[in-house]
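Features as listed in TrEMBL:
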type: REPEAT; residues: 106-140; note: repeat 'PPR'
type: REPEAT; residues: 141-175; note: repeat 'PPR'
type: REPEAT; residues: 176-210; note: repeat 'PPR'
type: REPEAT; residues: 211-245; note: repeat 'PPR'
type: REPEAT; residues: 281-315; note: repeat 'PPR'
type: REPEAT; residues: 316-350; note: repeat 'PPR'
type: REPEAT; residues: 351-385; note: repeat 'PPR'
type: REPEAT; residues: 456-490; note: repeat 'PPR'
type: REPEAT; residues: 491-525; note: repeat 'PPR'
type: REPEAT; residues: 526-560; note: repeat 'PPR'
type: REPEAT; residues: 561-591; note: repeat 'PPR'
type: REPEAT; residues: 667-701; note: repeat 'PPR'
Amino acid sequence: MGDKGKKLKVAISVKAVAFELTARAALSFFGMSRAALLPKHVAAVLGFHGEFEAMEQVLTEMRANIDNCLLEGVYIGAMRHYGRKHKVQEAVDVFERMDFYNCEPSVLSYNAIMNILVENRYFNQAHKVYMRMRDKRIVPDVYTYTIRIKSFCRTSRPHAALRLLKNMPSHGCELNAVAYCTVVGGLYEENLQDEAYELFDEMLRSETCPDVTTFNKLVHMLTKKGDVHQSERLLNKVLKRGVSPNLFTFNIFIQGLCKRGQLKEAAGMVDIVKREGLSPDVVTYNTLICGLSNNCRVSEAENYLQKMVNEGLEPDGFTYNSIIDGYCKMGMVQNADKILNDAVFKGFVPDEFTYCSLINGLCKDGDVERAMSVFKEALRKGLKPKSIIYNTLIKGLSQQGLIVEALQLMNEMQENGCKPDIWTYNLVMNGLCKMSCVLDAHTLMSDAMAKGFLPDIFTFNTLIDGYCKQLKMANAIEILNSMWDHEVTPDVVTYNSVLNGLCKTSKSDDVRETFKVMVEKGCVPNVITYNILMESLCNDRKLVEALSLLDEMDTKGLAPDVVCFGTLMNGLCDNGDVDGAYQLFRRMGQQYKLLHTTATYNIMLNAFFEKLNMGMSHNLFLEMIDNGCPPDNYTYRVMIDGFCMTDNVDSAYNFLLDNIKKGFIPSLTTFGRVINCLCLKHRVHKAVGIVHLMVRKGIVPEIVNTIFEVDKKEVAAPKIVLEDLLKKSHITYYAYELLFDGIRDTKLLKKKPRRSCSKNSKKRSSCVKPSLHTPGHTTLFMLCQRCVQLIQGQSSIHPAAENVLNKKWLGYFLCLNSQPPWCNAEDILLEMDRILRPKGAVIFCDQVDVPVKVKKLVSGMRWNTKMVDHEDGPLIPEKV
């Protein structure tokens, strides 16, 4: 692009010299009168291409050879060319020199310079030029008044513009469509839709109809403002008057619809263009593709790219960059790479915007390493490094907390001949503040100032917001006061940060005082400002004052948002006025036409739950689903808690299952409440089902994930979950006892039926030696019912079994070596674990294979085990 620009500039310069030589030759050959028009065209071409030095040379030649009285049109053209390039002072100089060179300015010259001043927002200077024209008794024409009307509208004085429009006939000027549409646009800018529409209708009734160019200007202003509906109303009016919209009209409508997010209507507008006999151009498709990409519908944008190519249109850099940027913002960098590779194959050369999009997308994904490689690739391909691409990478590094790397990149900028600007420093400061390193950010600002960079409003706002979030209000206010010393005026963002910090520190008096200062300094509060004021007043229990702010917002033309009503409803509920909160909840939709959100419904659900009015809560729950507000985890928690407190266990259980089905993970507290209620109602089977559901969903302590053997995990996980719930006081001990039995019974039901113990079984089982331990616990032996019956039928009974039969001990008798086995070892160990916990102990003594097997089983139950030799020495085969 740089080489092309140089070639273009050289070509224009060559043309300028050629025109100049041609002009001189024409002047000498044709004479002054016949060649007078040629220099005018030469000056026009030079001015159009921005070759102002050559243009001034042509003007000098003309002044020397042509009567200056004939040069007013040339001077007007020169002023307009300067005005297009925003060289206002140069345009004014041309106007002021006209008198000096004996070219008396007429109303045309005055109109030209006034229009340049108004377009560049020099309204006071334009008014002085108008008064100077009147002093010289130059009669204004219709264009003069139209320019004055435009000046009034752009200074938010549409009614003054309307009065001037009405007075134009009395000054001998016929009203035209341009003047009418200018006033209509001014009224729309000030949200005076009814007056604007009435004036437009009046224009049409007076048989004054705008042409398509004038109408397009009005529609463009409305769509930029986002008022597509009013544009459609006006279009319907002019269509009846025979005005046919052109492609530019439809492009404007497509742009407006995309800005409002009405993408389906925007896509339909492309089809209307074709039905009207017009062919969509690159601008049409680019507008739609950009709108789709900005609204995360990039795949559809890619489809329109294909349609565009099929219709013979060549996508440009804007087309590809829009889709690439859309994919990168969605975190789909691979799709962006695919589009880029295809575009490069077709001749597209990636520019700064392309690389900035890729770097930004990669940094958001946390792939900083690849973002750095893309940046280096851009430099290798000859892209001249500019601050915008450096700033994009520095922003990504800062947001990832890589401040050291960001500072290193700032140093590389200077080495590569690209100086950092204040925005570069702002990005690093913002990253530091997000990491709560506000003091370091403050030091960096001082360093930037020492290097000659002047802090801007964003610099101060970043620091103030950082200090306010840390509740260091003295530092924040000190920086606020220093802004005036640096000739930076605090804006509404500045004051909102300070107000929010004061509100969080419960300094309500300071909040009101700062708000007064804000208004006195001419800073206009916005909706966020009033939200903070409402929160401060609600915290102070000044609810009447807080509610009165709604009326104050109405008088100032501010529409309350959902946050306003949420703050007020919270305040009323905290004050116990649930009825008042509910009235405000209904008023929000009926009077202010605001759609309720999940958050507003949650406020009222919680309020009625605290009053144990679950009937009202349930009605609101059904209403929010009907209104398209999906319940969130908090909604279900409130409903489940409410049903548990009102003894509606079935509803609580069903809501819990529905909550999990929707993909939410309830808290352990919620699980515990439902389990406790089910146990109180002796519905142990459902409670056990919840525990197993928690295991299936992975809602288990971390220790469960360390058990890799499936069988062990299946046995141990429910028990560990149950113990964790008890340990954290989410379930009662009564529920724990019931559930432990329930989990064991469920486990037994899943086991296949085992053969009963044989009466002829002669091999005796290993024994568990009793051991006294913590007071309140006795070391125990216990047999299953079938084994007890078998033992009673035998002549020789193990002493431990005899204690069991005599009910002297509560304990266990392990039959690990019996053939066939007496009791399942896992079941007995689980039962031992239930009774012995939390501080029980047991000693096993048997052949070495038995303790090894026991140790393997109980390791999954989190037992502390230790194996030692027999007391008679290591040569004894029994181990303890």
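We count from 1, first residue shown onward.
Glycine is treated like the rest: Cβ placed from N, Cα and C.
Just so you know, TrEMBL annotations never went through curation; they're auto-generated.
Note on the repeat 'PPR' (667-701): residues 636-637, 640-641, 644, 647, 649, 652-653, 656, 659-660, 717-718, 720-722, 724-725, 728, 730-732, 734-735, 738-739, 741-743, 746 of its chain, located 6 or more positions outside it, place their CB under 8 angstroms from a CB of the stretch. The residues of the repeat 'PPR' (667-701), classed with DSSP into helix (H, G, I), strand (E, B) and coil, number 26 helix, 0 strand, 9 coil. Within the same chain, residues 142, 145-146, 149-150, 152-154, 156-158, 161-162, 165, 168, 217-218, 221-222, 225, 227, 230, 233-234, 237-238, 241-243, 557 sit at least 6 positions outside the repeat 'PPR' (176-210) and bring their C-beta atoms closer than 8 Å to a C-beta of that stretch. Broken down by DSSP into helix, strand and coil, the repeat 'PPR' (281-315) contains 26 helix, 0 strand, 9 coil. A Cβ distance under 8 Å defines the sequence-distant neighbours of the repeat 'PPR' (491-525), meaning residues of its chain 6+ beyond its ends; these are 457, 460-461, 464-465, 467-469, 471, 473, 476-477, 480, 483, 532-533, 535-537, 539-540, 556, 558. Residues belonging to the repeat 'PPR' (316-350) score a mean pLDDT of 88 in the model.
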